[in-house]
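Peer 1: Dropping a structure here in structure tokens format, bear with me for questions.
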Amino acid sequence: MTDRYCVFGNPIKHSKSPLIHGEFARQTQQPMTYTAVLAPEDGFTDAWRAFVAGGGRGANVTVPFKGDAFALCDTLSYRAKRAQAVNTLIVGGNGRTYGDTTDGIGLVRDLAYHRVPLAGKRVLVLGAGGAVRGILEPLLAEKPSEVVVANRTVAKAEQLAEAFVDLGRIYGGGFASVKGPFDVVINGTSASLSGELPPLPETLFGEGAWAYDMMYGAEPTVFLQWAGPRGAKLLDGLGMLVEQAAESFFAWRNVRPETASVRTLLRQSLNY
Ligand code: NDP
């Protein structure tokens, strides 16, 4: 029997998730399909219910529906509660909906894959939107010496730091108050989408520091282009995408797929 999964988003045409999960399913010989579903902006809950009524077993959820998915779940994982967002829906045996978020663990796994140390390190996170909220719990669980969240709208960074202060040393502020050096700088703003760069000091990176942009594409982002000549080692968000998918796949199928070959495949697909 073939189980059905999908990703809901709007827009969804450019999603790489069907390619990734198709590869995971092939590799692990799981009897499943995975498709991309365009849900109307005000019709996510109906689209999900129709999918489940048609035999759907689970789904990924992307922009702009992660909050809607959070709201409809019967049960939530601890990390989904902290993130206030859900990117993975699972239909339980009793028909109840379980929600999880795998974006943050995807980032941490990607950093581990590239042997980027976090324990005892000073980490700067740029941005205070949904993506950043989703990474803070798994990031703080790695015990960095401190996490600084800097955002254009300063109050949002301060509120995020306040919301996670029970999990470790975390501070929020504006870009102007950022003082390097940092060991790891993660760009979680959407500034890269419009080719913009947050205003950052020249002395941001410490010796051997890493610059990570959660965005990915065929070309390095403006942030990575800026960070390279300033001595940082560079990573984009492609590995995070693959690792968050692997964690969702594991939640659905209880099988952990291998990610290295899928990273290579995806990188190749970006260059066409
Ligand atoms: P949100 O819209 O929730 O937040 C956007 C953030 O970017 C806000 O903090 C906003 O600041 C800031 N921002 C936007 N434009 C600028 C600018 N010109 N200069 C400085 N700051 C700016 O978006 P998300 O949090 O959902 O997504 C952020 C990024 O993360 C996107 O690029 C997305 O593609 C990426 N992402 C990658 C994933 C992966 O798997 N690789 C997974 C999830 C997200 P303000 O609060 O002041 O408006």
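The backbone N, Cα and C atoms fix where each Cβ goes, and this holds for glycine too.
Sharing the feature lines straight out of TrEMBL:
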DOMAIN    7-89  domain 'Shikimate dehydrogenase substrate binding N-terminal'
BINDING   SER15, LYS16, SER17, THR62, ASN87, ASP103, TYR216, GLN244  shikimate binding site
ACT_SITE  LYS66  active site, proton acceptor
DOMAIN    111-165  domain 'Quinate/shikimate 5-dehydrogenase/glutamyl-tRNA reductase'
BINDING   GLY127, ALA128, GLY129, GLY130, ALA131, ASN151, ARG152, THR153, VAL154, ALA155, LYS156, MET214, GLY237  NADP(+) binding site
DOMAIN    237-266  domain 'SDH C-terminal'
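Looking at the shown structure, can you explain where the listed features end up?
Peer 2: For the domain 'Shikimate dehydrogenase substrate binding N-terminal' (7-89), the model gives a mean pLDDT of 97.
Secondary structure at THR62 (shikimate binding site), taken from DSSP and collapsed to helix, strand or coil, is coil.
For LYS66 (active site, proton acceptor), the Cβ neighbour count at a 10 Å cut-off comes to 27, with all displayed protein chains included.
Counting Cβ atoms from all protein chains shown, LYS156 (NADP(+) binding site) has 17 others lying within 10 Å of its own Cβ.
Within the same chain, residues 3, 5, 16-17, 19-21, 23-24, 27-28, 30, 32, 57-58, 60, 87-88, 90, 100, 102-103, 105-107, 109-110, 113-114, 212-216 sit at least 6 positions outside the domain 'SDH C-terminal' (237-266) and bring their C-beta atoms closer than 8 Å to a C-beta of that stretch.
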Peer 1: So which of GLY129, ALA131, VAL154, listed as binding-site residues, have a Cβ under 6 Å from an atom of ligand 1?
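Peer 2: Checked binding-site residues vs ligand 1; flagged GLY129, ALA131.
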Peer 1: Anything within 10 Å of LYS66 (active site, proton acceptor)? Look among the binding-site residues SER17, ASN87, GLY127, comparing CA atoms, and list what you find.
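Peer 2: Checking Cα-Cα distances against LYS66 (active site, proton acceptor), the binding-site residues within 10 Å turn out to be ASN87.
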Peer 1: In Å, rounded, how far does the Cα of ALA131 (NADP(+) binding site) sit from the Cα of GLN244 (shikimate binding site)?
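Peer 2: With distance taken Cα to Cα, GLN244 (shikimate binding site) is 12 Å from ALA131 (NADP(+) binding site).
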Peer 1: Using DSSP with the three-state reduction, classify SER15 (shikimate binding site) as helix, strand or coil.
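Peer 2: Reduced to three states, the DSSP call for SER15 (shikimate binding site) is coil.
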Peer 1: Expressed to the nearest Å, what is the distance separating LYS156 (NADP(+) binding site) and SER17 (shikimate binding site) at their Cα atoms?
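Peer 2: Taking the Cα atoms only, LYS156 (NADP(+) binding site) lies 30 Å from SER17 (shikimate binding site).
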Peer 1: Within 10 Å of TYR216 (shikimate binding site) by C-alpha distance: pick out those among the binding-site residues GLY127, GLY129, ARG152, VAL154, GLY237, and say none if nothing qualifies.
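Peer 2: Of GLY127, GLY129, ARG152, VAL154, GLY237, within range: GLY237.
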